[in-house]
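Visitor: Mind looking over this structure? Questions follow.
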Amino acid sequence: MARILITSALPYINGVKHLGNLAGSMLPADVYARFQRARGNDTLYICATDEHGTPAELAAAAAGQDVAEYCAEQHVLQHDVGRAFGLSWDHFGRSSSPQNHRLTQHFCEVLEERGLIEERVDQMVYSIDDARFLPDRYIEGTCPHCGFDKARGDQCDNCGNLLDPTELKDPYSVISGSRNLEVRDTRHLYLLQTKMADKIRAWIDSHPDWQLLAKSIAYKHLDEGLIDRGITRDLAWGIPVTKGEFPRPGFEDKVFYVWFDAPIEYIAATQEWADEGAGRDWKSWWRTDEGADDVRYVQFMGKDNVAFHTVSFPATILGSQEPWKSVDMLKAFNWLNWYGGKFSTSNKRGVFMDAALEILPPDFWRWYLTSNAPESSDTAFTWEQFASAVNRDLADVLGNFVNRILKFTEGKFDGVIPDGGAPGPLEEKLYADVSARLADLTEQMDAVEVRKSAQALRALWVVGNEYLQEAAPWTAIKTDRDRAAVIVRTALNLAALYARISAPFIPFAAEKIGEAFQLPWPPVWPTTDAAAELSSLPVGLSVRAPEVLFKKIEDEQIAEWTRRFGGAE
């Protein structure tokens, strides 16, 4: 039994996430976690809300709430909507937890002992009208690299370049809109990433199996030359900067930079998980001197998070010289776009997770987002493509097959798996086809190829329809009941198999199919011995057709949703 540690990029606390956030980290991580559990592997899927930094303060101010109260409320909302989508986190933590406070402060102290932290007098943007220093995300302006006029002070969302606020052209305060800004001296701590460049490059070189997207972003930053990164900010909300047990002199009004503490929350959230359950040991997942050397660690994230996870967080982990588990596979995703533009939390552009569930069940969204996962390139969402994927794949292929064979069994065999007859050449051909396709599906799932996995799964659904059409039990029943029994028995086993292999992608519908066959749940991943798998249900078992699994999306609904959410504007 393997041990699989899975983390997905922490969603910001500033509101319910849109479908782009879901598609690029949490959903594919969930699919992978469900697959690994089904294979019997010891699997731990960790996520958390990212609660520090400017987004939290700005969102709380806009909501008229205290920031701590706002974060607590939003954490519950994000947890609940994630669960409603079927996200099977083993723990969904909070970066504001006491565990993350202690661990972040610990890393800073250890890094300083290793000569990788330095106090510097920095020049920061100060807003005269707001009477305060402006952290990165309190400043927007024009990107010096691509000319995008809404670049943030830490990163340009258009070209992806990491920025320093002083690099922005024509900057202004996000708080007041004031351009009455000046640069003043302030003291901050810096992580000396320049000292770690060779070690980070060697570490990335040691992972030749990483996808091109992740490696190309990492090497781009290394080739351009790493910069030392400020890890403290002039903010009130965040993790206090300490020296030993006390506030660090001169840093009493400062906190750690959100991108320093947020990845550390992966470890801290595992501590939270362990603290909440007897017999749980977080160190065996994260400390290689305590058993984590046999863990396979897989991270999921959007491409805009890759730089921080391949440079800054490794600089923290490797620089500490402590035996922490580092990532084995980093799975990055391109962007799911909204009609050619971006989904946007701040601009409320696109469909958000809570609104999505108001109009359709979660499996509809899960299937579309995985079968169209933005892996090799950006993917554009359109209502027409969404409806086509749901109607074609779920309703016409999977739903049609399950409904046809169960209804036929109810009508011709009293809803009982029939005895009689023996498999013939058509079944032998089916066994070979299903075995090969199961092997392909398992291989793609193991490789974390989300889109290819969905394609392999759909191909297996198609096989069932083709078999049923060719075998034609409705014809065989008229002259050869034993032959009809073989076909029905085989097809019912195939439908039960579909429940098991579809569960990582569409868990709610898969469970309904499983209930029709009284399958134990959660399911076990099948072997590639199709002959055995397609004869595993006991003869005489009562089966029943579920309610309509997938109701087709109509043109009128598309028109309504386009009016409500927007579309091809």
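Along the chain as shown, residues are numbered 1 onward.
Even glycines carry a Cβ here, placed using N, Cα and C.
According to Swiss-Prot:
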- C143, C146, C156, C159: Zn(2+) binding site (BINDING)
- T345: ATP binding site (BINDING)
- 11-21: motif ''HIGH' region' (MOTIF)
- 342-346: motif ''KMSKS' region' (MOTIF)
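For each feature listed, report its degree of burial, its nearest neighbours and the pertinent distances within the displayed model.
Guide: DSSP assigns C156 (Zn(2+) binding site) to coil in the three-state reduction, outside any helix or strand. Of all the Cβ atoms in the protein chains shown, 23 others lie within 10 Å of the Cβ of C156 (Zn(2+) binding site).
Contacts of T345 (ATP binding site) defined by a Cβ separation under 8 A and a same-chain sequence distance of 6+ are given as Y12, N14, G15, K17, H18, N21, in order along the sequence.
DSSP assignment over the motif ''HIGH' region' (11-21) gives 3 helix, 2 strand, 6 coil.
For the motif ''KMSKS' region' (342-346), the number of residues in each DSSP class (helix H, G, I; strand E, B; coil) is 0 helix, 2 strand, 3 coil.
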Visitor: Quiz question: given the binding-site residues C143, C146, C159, which has the greatest number of C-beta atoms lying within 10 angstroms of its own C-beta?
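Guide: Sorting the candidates by Cβ neighbours within 10 Å, the top entry is C143.
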Visitor: Give me the mean pLDDT over the motif ''KMSKS' region' (342-346), rounded to a whole number.
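Guide: Reported value for the motif ''KMSKS' region' (342-346) is a mean pLDDT of 75.
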Visitor: Neighbourhood of the Zn(2+) site (C143, C146, C156, C159): other residues with Cβ within 8 Å of the Cβ centroid, in order?
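Guide: Neighbours within 8 Å of the Cβ centroid, excluding C143, C146, C156, C159: P144, H145, G147, F148, A151, D157, N158, G160, N161.
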